[in-house]
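Enquirer: Have a look at this one before I ask anything.
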Amino acid sequence: MMSASPPHLLIVDDDERIRGLLQKFLIRNGFLVTAGRDAAHARRLLSGLEFNLIVLDVMMPGEDGLSLTRDLRTKMATPILLLTARGETRERIEGLEAGADDYLPKPFEPKELLLRINAILRRVPEAVTAGPKYLSLGPLRYDLDRGELSQGDQPVRLTATEAALMRIFAAHAGEVIGRTELIEELGRDRSASAEEAAGDRAVDVQITRLRRKIEPDPREPRYLQTVRGLGYMLAPD
């Protein structure tokens, strides 16, 4: 019997260090985690992915977390937990009035965040948290639960290593992943061929092959982008 898919969390914080620490901590505790750097980035991720819960920093440059919360509440019922350096009662009330489900002042213990997330998820009706989780890549759609790529009702065949790469990139959509990290992740994925997954050059070859299947023009990648000097990033619609 297959186990249920882990809850998918969206972490939105403009502080790269905090964002990375929270992402690693929550992944270690059994969640699927996608990270956004600001409200605009979060909107792009929300347009192509389904989340069980959003952890949202209030104090961000540009559109702040309260404004984003108010807008999201007009479109979706996904639970929102706000993080902020301002812990006054008035600020907490403002956050809850905006539509947040909970409010956690900084600094906080990661364990408390974990407990609050689990408490919110226990309260949320199944109908709210359930649903298709997919990425849109132009005419293509990637199902996160099934790990399947399709165009309309036609499946797009992926090799074991291509499928492993898609799983890795989809779990970190919008985030740069370095070659070393990709090699390590592929090495842990038993479905990927050990020979295909080994080495920087082999990863580049597999990226090129995957682009041929997901890009309108593989020579000018729109979705699977190269971030010079850093690695690769999957940028869904």
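Residue numbers in this text run from 1 along the chain shown.
Any Cβ shown, glycine's included, is placed from N, Cα and C.
These figures come from a predicted structure and were not determined experimentally.
The annotation DNA-binding region is assigned in Swiss-Prot to 77-95, 132-236. Taken from Swiss-Prot, the feature domain 'Response regulatory' applies to 8-121, supported by sequence analysis. Sequence annotations record features per position, and here Swiss-Prot assigns 4-aspartylphosphate to Asp57.
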Enquirer: How does the model score the domain 'Response regulatory' (8-121) in terms of mean pLDDT?
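Expert: Across the domain 'Response regulatory' (8-121), the average pLDDT comes out at 90.
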Enquirer: Across all chains shown, how many C-beta atoms besides its own are within 10 angstroms of the C-beta of Asp57 (4-aspartylphosphate)?
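Expert: A 10 Å sphere around the Cβ of Asp57 (4-aspartylphosphate) contains 24 other Cβ atoms.
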Enquirer: Could you give the number of helix, strand and coil residues in the domain 'Response regulatory' (8-121) as assigned by DSSP?
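Expert: Helix (H, G, I), strand (E, B), coil: 54 helix, 24 strand, 36 coil.
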